[in-house]
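Taken from Swiss-Prot, the feature signal peptide applies to 1-15. The topological domain 'Extracellular' annotation in Swiss-Prot covers 16-553 and rests on sequence analysis. What Swiss-Prot records for N40, N74, N160, N181, N319, N348, N507, N533, N546 is N-linked glycosylation site. Look at Swiss-Prot and you will find 575-585 tagged as topological domain 'Cytoplasmic'. Summarising the annotation, Swiss-Prot assigns S-palmitoyl cysteine to C581, C584.
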Amino acid sequence: MKAIIVLLMVVTSNADRICTGITSSNSPHVVKTATQGEVNVTGVIPLTTTPTKSHFANLKGTKTRGKLCPKCLNCTDLDVALARPKCMGTIPSAKASILHEVKPVTSGCFPIMHDRTKIRQLPNLLRGYEHIRLSTHNVINAETAPGGPYKVGTSGSCPNVTNGNGFFATMAWAVPKNDNNKTATNPLTVEVPYICTEGEDQITVWGFHSDSETQMVKLYGDSKPQKFTSSANGVTTHYVSQIGGFPNQAEDGGLPQSGRIVVDYMVQKSGKTGTITYQRGILLPQKVWCASGRSKVIKGSLPLIGEADCLHEKYGGLNKSKPYYTGEHAKAIGNCPIWVKTPLKLANGTKYRPPAKLLKERGFFGAIAGFLEGGWEGMIAGWHGYTSHGAHGVAVAADLKSTQEAINKITKNLNSLSELEVKNLQRLSGAMDELHNEILELDEKVDDLRADTISSQIELAVLLSNEGIINSEDEHLLALERKLKKMLGPSAVEIGNGCFETKHKCNQTCLDRIAAGTFNAGEFSLPTFDSLNITAASLNDDGLDNHTILLYYSTAASSLAVTLMIAIFIVYMVSRDNVSCSICL
């Protein structure tokens, strides 16, 4: 007879593999890190710019003061500060001021001895205030001051609004009124009251006149050098007048006067009284400046054209495009970039990886190494994502959420650097406020040491930020792997290194849904099986019947079972030392 043996053959299809990974780029940039040195990355954010010189401008969002009195024609800022006749106008309020008169400028009213006093700094002092006004009445009655009575002297080179002889409105030239008091005098003291509104600084201008011996006797009845002292807020200044021997008149503006004046000022804080001790030739204070608020001062040039974020002594008006700049360091005011010594770049992407190459299949399941090295090309919509490999070829999809998290971290680093920038700007601003109180040195002070220190701090912060951004890639990939594992669930087997072998096909559509977080394994085909193949094998009848065949099978099976039992018994007895076994050769 014939016996039929049925062979069942189950054939499964090849599985797809899905891996997490990082994009690849063929145009890497270089950033500096704290511990890894220079690292190639897929993108950068430049943090520095090198400005070019431009004209000065008005600061955006605030009033910028050029000339102290723009409507005072043919007047220097010193003329305005001394209130020369025809130079008395409104000084506009401003948060920023341009120190545009680089060289000391004399007044066209009376020759002033600049080298004997700090008067050249008076316009700079006034520029340092936001609000400035000239008092409406005099602080002292000059005619009845100690040592008087006096008449107020005038000069033909100081014409008033009616073109008559005049003098500075801030001072009264106290000339003895008659011959009876044209005599030498011991030092006299006058008190200077505070007449401004509470909270304002009072800038009181005063001075003294000196001339040749002949003129001194004619005007004051004394040809000897005279002594003068001012005192306010604990600051005391002493002078002794010079008799004759003055510089050539051409050096003092070519004015016709034979004598010279020395002009000074004192700053009286709110409610504080000042004193002036004097002899003959005193220029007593009259109208005073009342000032408040702060206006940042910077050297520059006029006219002011347009608007700018920042005013820089060397580069003029700048519009801030980057937080930092390289080039020439100098004082700047406004919304300015901070000076750093070298160009800085922040990593804006991932560590550069050449295109990945799959390792050869290994083991029973043909597992692949994943992303030990290299990145995946085509991941143009993001930095991190997935790739699948199968009969469909290679599919790549970016994970936007993971990429956004990486971008958020970079943004956080940028914000941290911005906060550092603000803190450093506040420190620089504080330094400038200190300089306001030391206005005499404003023209010269540049704190290069502070700038170097801040530059080093910023550079280190950028290096550490780049280090953190690059090192965080492992965190993003691990999070991505956990996310992928959760989505795939039982429809895939983890094979290591961020890779999974799926029990279903995963083409580009499948991968896109994984990247979007909308993947559902049920929508894709489950493992497929080939149909059962049934093969009938005919056995020729050689005279064996069914009973004979069964007897052969039964005998063979029984013999095998007995042999196994005997072998087990012998091993057991040997292990208990009940049977010994010797092997001789």
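Quick reminder: no glycine exception, Cβ is built from N, Cα and C everywhere.
Sequence features, as recorded in Swiss-Prot, placed on the structure.
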{"residue": "N74", "record": "N-linked glycosylation site", "Cβ contacts under 8 Å, 6 or more apart": "none"}
{"residue": "N160", "record": "N-linked glycosylation site", "Cβ contacts under 8 Å, 6 or more apart": "P85, K86, G166"}
{"residue": "N181", "record": "N-linked glycosylation site", "Cβ contacts under 8 Å, 6 or more apart": "G147, G148, P149, G221"}
{"residue": "N319", "record": "N-linked glycosylation site", "Cβ contacts under 8 Å, 6 or more apart": "A308, D309, C310"}
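Under the DSSP three-state reduction, N40 (N-linked glycosylation site) is assigned to strand. A Cα-Cα distance of 11 Å separates N348 (N-linked glycosylation site) from N40 (N-linked glycosylation site). Take the glycosylation sites N40, N348, N507: by the count of other Cβ atoms within 10 Å of each Cβ, the lowest one is N40. Cα spacing between N507 (N-linked glycosylation site) and N40 (N-linked glycosylation site): 32 Å, rounded to the nearest whole number.
In this structure, N74 (N-linked glycosylation site) belongs to neither helix nor strand by DSSP; it is coil.
Annotation note: N507 (N-linked glycosylation site) sits in a coil segment as assigned by DSSP. Mean model confidence for the topological domain 'Cytoplasmic' (575-585) is a pLDDT of 56.
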